[in-house]
Amino acid sequence: MHKPLVLILMGSDSDLPIMEKAADVLNEMGVPYEMDISSAHRLPERTAEYAKNARGRGIEVIIAGAGMAAHLAGVIASHTTLPVIGVPLKSGALNGIDALYSTVQMPPGIPVATVAIDGAKNAAYLACSILSIKYPEIAERLESFREKTRKSLLEKSKELKKL
Ligand SMILES: Nc1c(C(=O)O)ncn1[C@@H]1O[C@H](COP(=O)(O)O)[C@@H](O)[C@H]1O
């Protein structure tokens, strides 16, 4: 069993249906990951420990997903210099706009690379891109995924023209 390179954290188990899409992509890409629930609001000490220990445990990228007042990714970024990818989640009365703003609007020096609302898949692809700098096999898998997407779209275009 390979040691996890990506840590996926989410603020609540209610975030799992979206956040497991990041796990699906990492599985497809053959990237070992670890996934857990940890809230900066409800479990502040544990969340800080997760972030502080991540690099020492061999984690290279962190993906953090949360809805509403989504401080999880930013708080994690404040405790580590690893790249942190934030996924604002659609939850609560404001449909994810609250989570988007609170994830993306970080003060200078503590960046969170923020993907779209519910963009868990792209968070995983971005994690793969970051890892591809060091791991040529991940770069190759990304290339072949892009090639597959390209071919499938061209095929669909051909089918459409037949109609
Ligand atoms: N934004 C945060 C944080 C945090 O930022 O630390 N912890 C939980 N939450 C979010 O609260 C929403 C409602 O959570 P519940 O469904 O557990 O009530 C979830 O989307 C979660 O990510």
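FYI, residue positions are counted from 1 along the chain as it appears here.
Backbone N, Cα and C define each Cβ position, glycine as well.
Annotations in TrEMBL come from automatic prediction, not curation.
Feature annotations, courtesy of TrEMBL:
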type    : residues            : note
BINDING : SER12, ASP15, ARG42 : substrate binding site
DOMAIN  : 4-153               : domain 'PurE'
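For SER12 (substrate binding site), the same-chain residues 6+ apart in sequence whose C-beta sits under 8 angstroms from its C-beta are ILE37, SER39, ALA66, GLY67. Annotated substrate site SER12, ASP15, ARG42; additional same-chain residues within 8 Å of its Cβ mean position, judged by their own Cβ, are MET10, GLY11, ASP13, SER14, ILE37, SER39, ALA66, GLY67. Mean pLDDT, taken over the domain 'PurE' (4-153), works out to 98 on the 0 to 100 scale. Across SER12, ASP15, ARG42, which the record gives as binding substrate, the greatest C-alpha separation is 15 Å. Taking Cβ-Cβ distances under 8 Å and a sequence gap of 6 or more within the same chain, the neighbours of ASP15 (substrate binding site) are ILE37, GLY65, ALA66, GLY67, LEU89, SER91. Taken residue by residue, the domain 'PurE' (4-153) breaks down under DSSP into 77 helix, 25 strand, 48 coil. Listed in sequence order, the residues of the same chain lying 6 or more apart from ARG42 (substrate binding site) and placing their CB within less than 8 Å of its CB are GLY11.
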